[in-house]
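K.L.:
Sharing the feature lines straight out of TrEMBL:
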DOMAIN    25-179  domain 'NADP-dependent oxidoreductase'
ACT_SITE  37  active site, proton donor
SITE      62  site 'Lowers pKa of active site Tyr'
BINDING   95  substrate binding site
DOMAIN    187-247  domain 'NADP-dependent oxidoreductase'
């Protein structure tokens, strides 16, 4: 089981997460960034100031649709490396499939080339539906290491998850605590009381036990610590069933969730 930290729209959260990682190193060593978050410079600086070695921290970034295409993606990788101040990036994702089949495939091939040159350790995708993943497979290219999608009990993306599991693609879950929009839901309140844990911890634990890599986001130190302390308890099969029953399909999504893009 592993847990990451999402740095989206977080001014100081990534720095706090890395500083806390010195004490919770097994929990928070994965920082999820992106070109469109405009924080690669700050994440790179936070890594340098964290006291942790570069190889002890797993860094993800992403290129959005406006940066797709072969040449643009190659240039974008170099730009991200420069902003981070790193020699390599652990995981580079195509942020979304919205550029269309030609440009997103060119971007994928460019990332493969950067991986082969040692600029990237692994490549993956984000917000990809089965159709988009099948494009890669039908092109005869190796499968992405990761597919990062919105994932929580209200939006379980079962078809995509099943495809990823069958094809050995790691599933990363963004919005795993639903941005706090479900606080007070009877199921969460019940399980929170039962286990003596916060509602956020219940949701993160659900994600972990599903085999996903949850990426909770917070700018507050106490919540970052709380989100990391999810390895000392377990949800039973009945508990998991209660949360599994909350699925609302695509209607349960709270973000852009462009998994059905053309």
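Cβ coordinates come from backbone N, Cα and C, glycine included.
Have a look at these and tell me how they're positioned relative to everything else.
P.N.:
Residue 37 (active site, proton donor) falls within a helical segment according to DSSP.
When other Cβ atoms within 10 Å of the Cβ of residue 62 (site 'Lowers pKa of active site Tyr') are tallied across all protein chains shown, the result is 24.
Taking the Cβ of residue 95 (substrate binding site) as reference, residues of its chain lying under 8 Å away and at least six apart in sequence are, in sequence order, 34, 35, 36, 62, 63, 64, 65, 126, 127.
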K.L.:
Write out how many residues of the domain 'NADP-dependent oxidoreductase' (187-247) are helix, how many strand and how many coil, based on DSSP.
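P.N.:
Its residues divide into 36 helix, 3 strand, 22 coil.
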K.L.:
Among all the protein chains here, how many other CB atoms are within 10 A of the CB of residue 37 (active site, proton donor)?
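P.N.:
The Cβ of residue 37 (active site, proton donor) has 20 Cβ neighbours within 10 Å.
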K.L.:
Can you give the mean pLDDT for the domain 'NADP-dependent oxidoreductase' (187-247), rounded to a whole number?
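P.N.:
Averaged over the domain 'NADP-dependent oxidoreductase' (187-247), per-residue pLDDT gives 94.
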